Amino acid sequence: MTPKWELVSLPRWEMMAYWILSFASHLYSFYQLHRFSKEHEVSLDREVQLERGFFIWGFKKDPTDFEWSFWNEWAWRSLLWSLIGHAVVSRLAAYYLPQFRLAVFAVYGLFSAGWLLGLWGVTLLMLHLSISLVVAQLRSPALSWFCSLLLLSTLNVSALQDLQRGWCSSEDQYYLLLFSTAVCSLRCISFSLEMCWHPLQAGGPNHYSFLQVKGLKTLIFQFYKLTAYCFYHPLFYNGPIMTYRDFSEQIERPVCKVSVVYVLSGILRVFVWWCLAEFMIHFMYMHAIQSNETYLEMLPHWALGGLALALVQFFYVKYLVLFGAVSLLVKLDGLEPPTLPRCVSIMYSFTGMWRHFDVGLYKWLIRYIYVPLGGSRHGVFWKIVSTALAFGFVCFWHGCHDYLLYWALLNWIGVLVENVLALLFSSHPLHHVIVCCLSPRMQRRGLALISAFSTALLILSNLFFLGGIHVGRIFWKRVFVQGWSSVAVPMVAFLYCFAQVGIEWDMR
């Protein structure tokens, strides 16, 4: 949401003040949340069964973030070892069988998926791939989308969920299959649409001779490419998302030599992020607190702000770990994974959040939904429609629960309002008045002030996503309704500091 005027640097002392206030507000609010956590530790332990801590001596651990506990358990049980196995197999293939590297990836990915998901789980995924490929032969994007949405909807059918649970040896294995199928569906859509738009490139940039053979051979070769893309092991279970176009182009490149120092530094970086996430759930029981409305109503105002910051910061650190670990392997394979998420504390707009948090999903949405529907090229109406459908698809893909509807609606409204304001401030009459009446530094301060309000609503929308409707509702009531004069004003002041830090970061 940056209007089209040039942003300038502020005095060093002023930026230093913003940095100090931003950092201090984080620390103090986290400390207040920590105090509340320790004061109510006994009752929280009775309700959610806090685990015995191992990271900080004498501290218990909040285990109630399902995603963190789930992926940690699977990592130590098997995923970590299968990823190490992929790295070993990849280096051997690059050295001894460089021309068959993609085939090696496909075979290893299939065997790893069979080991973790079982025969029936792999069969279900292969069925999804087969149906998507057959429909894509018709070269109709609309039919491919209809088929993909139909397949996605089966993930929420109770009878099919019970059937899939019967195939799995545990509830955790069922959820691993569910997550894998959901991520795989995005890859199937990517492959199908690329095939509809560029049928000659569906088999990859260097295989036209294969595709010139009509019939069954072409279909088999396309299925092989789709399988290798979908079952590429580092990205198979949780992403990040790479489009088929990027994957097929980059997988053909020769693998560059990577120094041991680079690998070890990458591993150390992921380990530090993992330690930070563990520290947070030992030091603050934010997930246990946000699950109980009584505690949300009891929280002191600083602790309430600490809860909001802790929830979004933990989500950020969690995905640094989840995406960072696999991105390191992807780079070792010679591919360029999506950029890792940017720190949420320097996000000062809805648009920036979508562009810089899950970069892979953002590029996917732009390429397969926003641009094909017209985007900004066909006027305001189609921009509104394409943006709404992009958010609608994300909501549907995540399961279309009621709290997701609130989250998607707030994000859609936020992006639209930011774009309207950007156009308004960039329009000739108003832009001329602003430039004449305000110095460049005052223009930047004005932008940061507007961004502070946007950031407040951005945090609110993320609370709906991370905590549910009750968290967003109580936060709205306590901050914007009951505390509009005593809480909202200082909160916006601190968010103004956050926005200034974010703008400075963008200007680097």
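Every residue, even glycine, has its Cβ placed from backbone N, Cα and C.
TrEMBL annotations: computationally assigned, not manually curated.
Annotated features, as they stand in TrEMBL:
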type: TRANSMEM; residues: 15-31; note: transmembrane segment
type: TRANSMEM; residues: 103-130; note: transmembrane segment
type: TRANSMEM; residues: 142-161; note: transmembrane segment
type: TRANSMEM; residues: 260-285; note: transmembrane segment
type: TRANSMEM; residues: 305-330; note: transmembrane segment
type: TRANSMEM; residues: 380-399; note: transmembrane segment
type: TRANSMEM; residues: 405-425; note: transmembrane segment
type: TRANSMEM; residues: 446-467; note: transmembrane segment
type: TRANSMEM; residues: 479-499; note: transmembrane segment
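Within its own chain, the transmembrane segment (380-399) has Cβ neighbours under 8 Å at 149, 152, 155-156, 182, 185-186, 361, 365, 369-371, 373-374, 405, 407-409, 411-412, 415-416, 419, counting only residues six or more beyond its boundaries. Outside the transmembrane segment (305-330), and at least 6 residues removed from its termini, the chain residues within Cβ reach (under 8 Å) are 25-26, 28-34, 65, 67-68, 71, 83, 86-87, 90, 234-235, 238-240, 263, 266-267, 269-270, 273-274, 276-277, 280-281, 284, 286-287, 289-290, 296, 299, 336-338, 340-341, 343-345, 357-358, 459, 462-463, 466-467, 475, 491. Within the same chain, the transmembrane segment (15-31) packs against the transmembrane segment (479-499): three or more Cβ pairs sit under 8 Å, each pair at least 6 residues apart.
Per-stretch counts of Cβ pairs under 8 Å to the transmembrane segment (446-467) identify 479-499 as the leading one among 103-130, 260-285, 405-425, 479-499. With a threshold of 8 Å between CB atoms, the same-chain residues lying at least 6 positions outside the transmembrane segment (405-425) that come near it are 1-5, 349-351, 354, 383-384, 387-388, 391-392, 394-395, 431, 434, 450, 454, 457-458, 460-462, 464-465, 469, 472.
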